[in-house]
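Working notes, beginning with the structure itself.
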Amino acid sequence: MEQIVSGKSQVSALSAISEAFALIIDGKSLAYALEDDMKNIFLELAIGCASVICCRSSPKQKALVTRLVKLGTGKTTLAIGDGANDVGMLQEADIGIGISGVEGMQAVMSSDVAIAQFRYLERLLLVHGHWCYRRISSMICYFFYKNIAFGFTIFLYEAYTSFSAQPAYNDWYLTLFNVFFSSLPVIAMGVFDQDVSARFCLKFPLLYQEGVQNVLFSWRRIVSWMFNGFYSAIIIFFFCSRALEQQAFNDEGKIASKDILGGTMYTCIVWVVNLQMALSISYFTLIQHIVIWGTIAFWYVFQLAYGALPASFSTDAYRVFVEALAPAPSYWFITLFVVIATLTPYFLYSAIQMRFFPMYHEMIQWIRHEGLSDDPLYCEMVRQRSIRPTTVGFTARRAASRRQ
């Protein structure tokens, strides 16, 4: 207890001058430090240090230290081990990484991720960890966006018709929206998208801090995507409904019914949500081009095929596209105008943020775009403008070398 209190006072006294400390404790001392009346003070001391080394510790002590950090800080913990004595630690941590080596496969079988050598941990975290965090956060935000944009048009239609319970779209349109007309592009983004190449992820390891600080999946970002969905739904519904009011009758005296309005609105939604995905992607591949443009083309093929079925099956979509939508120039002009009006605000926001208020990964994208990746002064300036200073890992090593 005396040594822990003394260490805390030393860390507190010299923390103002940004000194980095390391804590080393052996297994016998760790047995006392993990007791109920002392473990919280030990955790406070450990958090104040840049590195903590627990040597000669038992498998149970490894698991207890991992649990103490996980529950005491509320942070996501990662454990890495290569033997059977690391199994408890790997299972206690939020993420367990097992190394397959001379000590057997017990650690690998109990882990979430397996690697062959310890040096692969750098690429696993800095490259694949950053990509995975960005892909998952973008996928979830986009799911909020596209379902709000689609569902809110249905709500607006119900309010517009005094809640008559008459659906805005055909039943199969409602069923297949998340199956065929908006699912493949987001899956492709979750698999192939890369905001920064692997070389730049390793060259600028502070990119990993975006995931640690949850920059790309904050409530502000989620709410902004939801607001974008509400805006898209409002533009699509009100412009389509107002634009078709002046086309009440065709040459045969038939009115522009809800089937035509629903088909026009659905076409606008398919275009908007897929082109929104195209604007959000940082790294295009051939597969992403195929799924985005193929999804839009499949919507028109589906209208032809579904509308050609007998009226008993296609119901209110029977030959609507062939006889009412496709021959009308207003259908194509409305779709074009709605797509431009809906996506322009997001495009302007992204361009202004990228140019004047770039995030850290966008700074790296500018380095690649301007061809300044080999300029050491410019790269150092970008590193200095990172999210926040830290005394762990890369920054700690650079600070130590400068002091020397």
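Using the three backbone atoms N, Cα and C, a Cβ is placed for every residue, glycine included.
Here the structure is a predicted model, which means the values were calculated and not measured.
Residue environment of Arg56 (ATP binding site) contains 11 other Cβ atoms, counted within 10 Å of its Cβ in all protein chains. Annotated ATP binding site per TrEMBL: Arg56, Lys62, Asn85, Asp86, in sequence order.
In this view, Asp82 (Mg(2+) binding site) is surrounded by 22 other Cβ atoms within 10 Å of its Cβ, with every protein chain counted. Sequence annotations record features per position, and here TrEMBL assigns Mg(2+) binding site to Asp82, Asp86.
Residues annotated as domain 'P-type ATPase C-terminal' in TrEMBL: 108-358.
As annotated by TrEMBL, transmembrane segment applies to 143-160 (among others).
If you look at the transmembrane segment (172-192), the same-chain residues 6 or more away from its ends with a CB under 8 A from one of its CBs are 135-136, 138-139, 142-143, 146-147, 150, 262, 266, 269-270, 273-274, 277-278, 280-281, 283, 285, 287-288, 291-292, 294-295, 298-299, 302, 306, 317. Summarising the annotation, TrEMBL assigns transmembrane segment to 172-192 (among others).
Residues or ranges marked as transmembrane segment in TrEMBL: 222-244 (among others).
The transmembrane segment annotation in TrEMBL covers 264-283 (among others).
Counting only same-chain residues 6+ beyond the ends of the transmembrane segment (290-309), those with a CB under 8 A from a CB of the stretch are 172, 176, 180-182, 184-185, 187-188, 263, 266-267, 270-271, 274-275, 277-278, 317-322, 325. Marked as transmembrane segment by TrEMBL: 290-309 (among others).
According to TrEMBL, the feature transmembrane segment maps to 329-349 (among others).
Within the same chain, the residues at least 6 positions away from Lys62 (ATP binding site) whose Cβ sits under 8 Å from its Cβ are Cys54, Ala79, Gly81, Asn85, Asp86, Gly88, Met89, listed in sequence order. Packing against the transmembrane segment (329-349) from elsewhere in the chain are residues 228, 231-232, 235-236, 239-240, 243-244, 247, 264, 267-268, 271-272, 275-276, 279: each is 6 or more residues past its ends and has a CB under 8 Å from a CB in it.
Listed as Cβ neighbours of the transmembrane segment (222-244) (distance under 8 Å, sequence separation of 6 or more from its ends, same chain) are residues 140-142, 144-153, 156-157, 160, 256, 260-261, 264-265, 268-269, 272-273, 276, 330, 334, 337-338, 341-342, 345-346.
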